[in-house]
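Notes to accompany the following structure.
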């Protein structure tokens, strides 16, 4: 028992251990499965990495999700609005080049009245097109403080191209816009709030110790001054005590002794060195920064008039600067002119004459006003000349001169007019008669432009003009470096040497016989500029005496002097430069003192003085050279030889650019005009040379026309016409319309008597460059009726019934081809016309003249074509006179619309229309809303920098877009009068904050940086704050922003959707416009209401459908493969046969086919008249025949078959053909036709063979006659020879054989030699019986035989005066060829001889 019990207990323990082991194994396996599942879940949940870095976003599932305001596959481009609130930071457009059409805005928010400083670490954008605008406030309606464009790179170590930009309102708004042309590296701008200026430039300590406002300021180190401690003073202690001393009590500058000068008193008086200084003048409100102003000197004062300004609140039209006391003074405006820039000034006896310029208010803001400011009384008066000035213009220059008669006149040179484009003429205002005229000039043909500089030398009467922005050729414009000289008394132009550096809006002054040019905009084109800046500090000197340019050192000042649009005047030999633009509007003054000729003490040094001055030695003294000493000789005799002008280096390259005789002979490049109408250098050989510009042939209207830059300026000249296609002005030809055309009013008409259908008549007229005539004037109708009457009387043809361009557009509307409505005034319908069977009109003139309706496919006798007369004096409306964006951009790229200024400008003049970045954004197509209230979504609203979004309380995405700032909406401040409104500009429009327009207490909320999350356009509520729950009101889309299929409209911001109206010819339409996508090919129109009659589709879609009118016995292929064809699912055909008919159709896809027939061709428009023949579905091809047994073609001539092809898929290609045939073949007719053709071919072959034989015989006779004439023209001569009997043969062999005669052949390529040969003899020395022992032979010798070098001698061979003869006057060649023949023995000689062949050899060679 005990053993059994032990066995039982052992068995139980074994079972328990096994069970425990099994449970442990299950637990272990379970843990492994759980860990595996966890690892799989973690692996599946790990994010997929992005292939590229995300710069401003996060990588989610392999793609970049951008942060707010950033776009691009790597979130690398800014595109939106940003808000920055940190005390310091930076902003950038992205890590790479900015994209096209970029619009980014940054708002930096500090605390009220805090000073924000912006530092440009990097800036590179397209000059004059891509701008960064900076405002001192929280909107674009705040005062503008800077506009940057182009490249910002320091010119030298130690000075800065762009100073810090400072705002004081506690806000700074920065807005960047780029166009679609070029994209550069962009910018990186650092900012800081309430910091020291430029960190005190490293020459001072930042402190707040004595600042009442708590603002930071700099405590400068010794010998440094300025707000940022950036201005050094008293360098080298001013040379104390010998040369000067440092004034530490006042302005902290050097005070030089009487015999010393310069910023540190280091230069003697006079000096051979030039120097720049910045006069110690504190900026004042009177000297507010400005550009494109004008300045002149009178009585020690520099008078500054006008100019462009960012803010006109503290603007003064006239200010003056005392050059002795360095003080500014503002002149009260009173009732003077409105502010302007780009005008001209001219001084005459204490009166300043101001002409033209651009006003900042109004769309047509370029004026032709002439104002006179009396300096003594300080009053303005407006002149009213009669006749008035020819042009309103800007960017010109003017000088007061005295003519040879002593008459004072103001000459106005060049400029730009919004109506007449770039002006190349000289205008003259007579002060005494108060009248204007255009001066007729001679000499070179010059091209005018905008923003050039000019100087006038009174003693010589010369005006020098340099640079500018001009029209270079058709549709090409840019900067130039042209230099012209105009002589006041002779009124002639001379082209001088270019500087090699194009620019505009620069300055020029005349000092010591030299024209000094400073600054300007030098950026010509981004793709070619090689880093040229928008504003430069280039300093150039033109030596008038030697016609040469020198580059002078740039100003060596403590800061950069780059600028354009500044002014320059001369006083006591020093140049004073004021204002200008360098991103900021400048109000500083620069002074330049050139070297003095008196500093050179000997004649040799005086002759080589410079650069920058021209001196000459007179009476033991070096004095400045004056232009009147040149005696019209350029260059002067004492000048060194210019590079490229020596006879050895003179080339034609510089002369080739002159395309007219006048310019070729009126320049200093030593050019001459050749007979073949080419301009070449004087060293080149010319057939005919014109001695001077006065003697140039044909230098009349052609040159005048070529200078016109647009249509209106071209048509001012009655001898010119404008080519709209080429955009060029040409001389008006004598024949206006061409041969066989008649000039009637504004069109040319032509009548043809051919018999054709309307479509063929249309093609005929188009091939002639015209169209079927639209007889819309009584004069045209009378002419046509008179011509038709002449045709009838002359009996040329029968009665003509020509097609005219009048067609039936729909059921009751007839219109001319030029889209003019038919008004029944000039022409009337004949009785019982128009008939329903006709869709095109012809002109009948039987008993009464009138119109008759005919089927367009039916032929009629005659047609009338018309085309515009080439002398048409009409031009398109100038861009400046177009007042809306849609009207402005209707002509493609011709005009550009600036939405911020509400102005339309010519595309060729965008740069000169907004030289200081006044246009925040422009369009050439797709006009957006012209104000904020027209924008219907928050995204579009915040896309315009001047707008903000006011969300309504519904929280469904609805709201109102309005002008605003970060703090809230803005409203227009009411102006007192019209003059105040004229002074408005985009940055100074009197906008004030009005938060009641979007009151928060009424549930509205204001968004300026970012749109609200829920944007369902009022058609749904949001789930999870941003997802539209369910779009209603027939809308669709993620934001309920579009209409459902079959509906159209604008559902944004609560708008409605409407059903498409397509006359049952379409199921879909454009969701925005409602234009139907017609499903039947040949139906067109906004509502599928018209047939495409121009492409042979006939019918009436309002009562039926449209059919393509097939021609019999032709196969037609219709390829519906383009993207525009994907809506088509059906196409219909019609054919009107005359007898038995075979029909075939096939397609690349399956289709449904229905064929019907009717007794009338209008059955397609009248239901119930068609009878079915075939109805098949889902086929690819079909063939059928329609015979006389079923259809009585003889009795019913208008039987028409209709083929309906439908239910096919796109793309598809369809082929269809209708062919006629007789049931019984006429064998007699076949054989008659066959043999007639065969006999005709034989006859033609016989005639051709006979003609060929005749031609060959004639050619042979002509050839023989020519050979006889050639042989007869040869000279004949006789030679007498003395033959010795019994001469020693051995003795003869020792001498070189010589010919008796030489006859050269034509071309000197061969000759015939006559030689006397000594024949073999008997041993006794006697010739054999019957022989003489001698013979005459002839040898043909080719000139290709190599001459012997030891006897070769130059020969003179001249051809006879007529070709084809063997005649030469030959000093020819006993000693040239014969020595080479001497080694030949008699056998070899006889090998070259051919008896009696002299004449045949020569003839053969002539033929070869």
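Glycine is treated like the rest: Cβ placed from N, Cα and C.
Per TrEMBL, these features apply:
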type     : residues  : note
SIGNAL   : 1-45      : signal peptide
DOMAIN   : 78-194    : domain 'CUB'
DOMAIN   : 192-230   : domain 'EGF-like'
DISULFID : 196-206   : disulfide bond
DISULFID : 220-229   : disulfide bond
DOMAIN   : 744-866   : domain 'C-type lectin'
DOMAIN   : 1014-1059 : domain 'Laminin EGF-like'
DISULFID : 1031-1040 : disulfide bond
DISULFID : 1043-1057 : disulfide bond
TRANSMEM : 1227-1251 : transmembrane segment
- If you skip the near sequence neighbours and keep only those at least six away, which residues in the chain come within under 8 angstroms of residue 229 (disulfide bond), Cβ to Cβ? 200, 201, 202, 203, 204, 218, 220, 221
- Query: In whole Å, how far is residue 1031 (disulfide bond) from residue 1043 (disulfide bond) when you measure between their Cα atoms?
  - Reply: 10
- Message: Tell me the Cα distance separating residue 196 (disulfide bond) from residue 1031 (disulfide bond), rounded to the nearest angstrom.
- Response: 56
- Between the disulfide-bonded residues 196, 206, 1040, which lies closest to residue 1057 (disulfide bond), Cα to Cα? 1040
- Note on the structure: Across 196, 206, 1043, 1057, listed as disulfide-bonded residues, the smallest other-CB tally within 10 A is for 206
- Query: If you draw a 10 Å sphere around the Cβ of residue 1031 (disulfide bond), how many other Cβ atoms fall inside it, taking every protein chain shown into account?
  - Reply: 20
- Item | Reported mean pLDDT - the domain 'Laminin EGF-like' (1014-1059) | 92
- Same-chain residues at least 6 apart in sequence whose Cβ lies under 8 Å from residue 1040 (disulfide bond): 957, 1016, 1017, 1018, 1019, 1020, 1028, 1031, 1032, 1033, 1051
- Query: Near the Cβ of residue 220 (disulfide bond), how many other Cβ atoms are there if near means within 10 Å?
  - Reply: 21
- For the domain 'CUB' (78-194), the number of residues DSSP places in helix, strand and coil: 0 helix, 56 strand, 61 coil
